[in-house]
């Protein structure tokens, strides 16, 4: 009997430690936008609470800060129906999720609750008996991150020739509105070799989300995917949390030794949602009109992707740029955090050049780890040709260019049509890596030494 009790205690000790024997409660003293003010003794930042509504239902809220007078809670949904004096019951746990294979094929909200699909969801309440993990967590220590050495072809010539990705790499996809970033993201999901795909769709229009589900994801792709969605009409807390929920789900599959592809669209909308939370919490505005919490949370989010001893998370984060300017504060910060960036050009999109990837402006910081010397040399020569053509493009349009002054520029002008044809590609027509490399070598070999 004692042995059985000891075994039960060891099994459930970690779970029991999350709960308190005494339920301390409080009451709402003020509602300020998305923030609720109250007094809760012994509360901790990150703890979840249940707030009673006037109709008898409950609203989940999370403790996000304190002042000298009160505790600040951020509502995880719309605070409609909350009255001053409404009872608050601390749950004694932080936001946690349970992840298993039943999530594959499911569509979840920003907190991990099911939106579509016959599944339990990932959100773990206080009575959840699954093994759970925290949504807000630290990244792996740097000493536990293996070096990126394996290439991960995308089937897209413009990427595989000049910006070849590696398994476990974190890449930004920078684009303005209407440049085809969502279409490119879906194409990457179809083509890249991975076990599980986790989509984080933040701030999307509801119509676009439904079209994405119906037209971009076939049954085969859907069967190995998890979608975490927080549309533009959802609360700022849910939009910001969706990025962490998607990342935590990807981490859980990585811990099981799987190759995970994390596609997060977009970091800009995540930053905007966190800006709303920060302003409501009384944070001062800093660089670019953003509160300090945005610059704190961006690296905490993206550093959680990457290689581990067991598996990998290859992450692609989209970033919205206005007027094709890379000087946007979010874009500038994200570019400094990631292992590479792919830039989509509005000018190329307007010419019908798809995918509209500006190879000259795009870069991979781990390219030398996953490519051979011949590939690197050909990539450098391709960039040399593109740069040479860009320098004389205006002269060519004006009819003022005179050949013979520079053999490299002359070659760039002669090969421009061939290069553009090589970099263009139709959807759903992936090209093998070796075929891409052969085409790249065939073009760049014509450049004089």
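Even glycines carry a Cβ here, placed using N, Cα and C.
Per Swiss-Prot, the features are as follows:
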- 178, 179, 180, 181, 182, 183: ATP binding site (BINDING)
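Neighbour counts were taken as the number of other C-beta atoms within 10 angstroms of each residue's C-beta; across the binding-site residues 178, 179, 182, the minimum falls on 178. Within 8 Å of the centroid defined by the CB atoms of 178, 179, 180, 181, 182, 183, the record's ATP site, lie the Cβ atoms of 175, 184, 344, 349, 356, excluding the listed residues themselves. Close to residue 181 (ATP binding site) in the fold, though at least 6 residues off in sequence, lie 173, 175, 265, 318, 344, each with a CB less than 8 Å from its CB. DSSP assigns residue 181 (ATP binding site) to a helix in the three-state reduction. Residues within less than 8 Å, Cβ to Cβ, of residue 180 (ATP binding site) and separated from it by at least 6 positions along the same chain comprise 344, 349, 354, 355, 356.
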